[in-house]
Amino acid sequence: MAPPAPTSTHRLLPLSLGLFQTALLLFFALFVTYDERSAMASRAEDAERAAQQLHGTFPFFQDIQVMLAVGLGLLLAFLPRYGLSALTHSFLLLNFSLQWALVLQGLLHHLQHGRVLLGLRNVLGAEFAAVTVLISLGAVLGRTSPCQLLAMAFCEVPVYVVTEWLIVTHLGVLDVGGTITIHIFACYFGLGVSKALFGTAKPTAHPKETPTPRSDLMALLGALLLWVFWPSFVAVLCRPGDAQHRAILHTLLALSVGAITAVLASSLLGGGSKLSPCHLQNGSLAGGVAIGAVADVPIPAVAALALGSLSALACVLGFKFLSPLLARRMALRDQGGIHNLHGLPGILGAVASMVAALVTARDTEGSPEGGGGVTGHRQALRQAAGLAVALGSSLLAGMLPGAALHLPCLGPPPEEFCFDDELYFKIQGQGESPPAPGGTPEETPLAMKE
């Protein structure tokens, strides 16, 4: 018999979404207008240049749409009876966070004469804010209700907007691919939510959470889509020309060597040289996470290869050794292993950006953030400060909403109905049966993909 949906799903979810959408409609009606300064340009060449920029940016934008709506959703579909929920909840959070970020970033960055100017760049910035929410979702996947996830997103987006402004604008950190501002922030915000939400209870294996070949195949397909489109995510905000060209090449190199390293490390760590789907799904993407902070820097190509290989190795080792250790010693739940994919490679990338600032004495003219004329030593200190701010603000800010998610009105799922689509969807039949309790294939106390 299908479990009954929580009362909050019947009442609070449609009520909150309805109020949010109504408020958004009123805000757009009263305060938002299109950014059409290029159409009113005094010279024809100005309008032509603006049109070229639009045509150059829109293909990147389409790639990022595929990454967020399809790639990330499928990557989270590794739970055998939670794939429908993973895809639907990530799609809901994407749209909710996108619209919420458009409002907040518009008021902070694009307000002129009492009107918020709306353009494609605004939407790109809002989608980067939505990425942080989708990454954080991985830490609490399967054990949270839609109302809890919306509450998390509502709190996370404003914290991200302020933190990103502080790191990039105020501190002058160079992070074109979002290694510090997106990946590190989102990872430790999600872990902060998880720690505050689940407390000190030691993670135990749930009979419905062990991946099956079919669910692992779905997640691997998502990883492949992300792998293909990741260079667009890193390069979209680079200045067209050499900086953007370097960002694309460095990202591709880091992703390619990371994929090979993930296969190599997984085969060495697995019994009988057998591969772990979890290692492939995540390790093949770790290079893209790490390279973002130095993607547009004129570093040698071999440096991009080395960084991609090290980040993939750190990711695989994290799944094999660090995650079980954190689960035992700190009772930390990380369902999707975001610490291994986004946290460890993100820290490696941040350290690499400090080294690159010292070694290359970077001319920052090609960066969208500017900062030309800053010495390598000073820029390295800025990168270190940005890392510290991202880590500290995300952990502290994540624990506050995490504690509030205990509220009964948000409808936390009962333990026996976690990781089950039937709690929120009308399901005609289940395609696969979960393994029996105690029949998980690996001896690990961690409730996660590994």
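Positions of Cβ are set from backbone N, Cα and C atoms, glycine also.
Annotations in TrEMBL come from automatic prediction, not curation.
It is 381-400, from the ranges 281-300, 381-400, that TrEMBL records as transmembrane segment. Under 8 Å from some Cβ of the transmembrane segment (91-111) lie the Cβ atoms of residues 17, 20, 24, 27, 31-32, 35, 68-69, 73, 117-119, 122-123, 125-127, 129-130, 132-134, 137, 146, 149-150, 153-154, 156-158, 160-161, 165, all in the same chain and six or more residues away from its ends. Averaged over the domain 'Ammonium transporter AmtB-like' (24-405), the predicted model has a pLDDT of 92. Sequence-distant neighbours of the transmembrane segment (64-84) (same chain, 6+ residues past either end, Cβ-Cβ under 8 Å): 90-91, 94, 124, 127, 130-131, 134, 137-138, 141-142, 208-212, 214-216, 218-219, 221-223, 225-226, 229-230, 232-233, 236, 278, 281, 336, 419-422, 425, 427, 430, 432, 434, 449.
Among residues of the same chain six or more beyond the transmembrane segment (248-271), those with a C-beta under 8 A of the stretch's C-beta atoms are 177, 227, 230-231, 234-235, 279-280, 282-288, 290-292, 294-296, 299, 301, 304-305, 307-309, 311-313, 315-317, 320.
Beyond its flanks by at least six residues, the transmembrane segment (218-236) meets 57, 59-61, 63-64, 66-67, 70-78, 83, 124, 176-178, 211, 244, 247-248, 251-252, 255, 259, 277, 280-282, 284-285, 288, 291-292, 295-296, 449 of its own chain at Cβ-Cβ distances under 8 Å.
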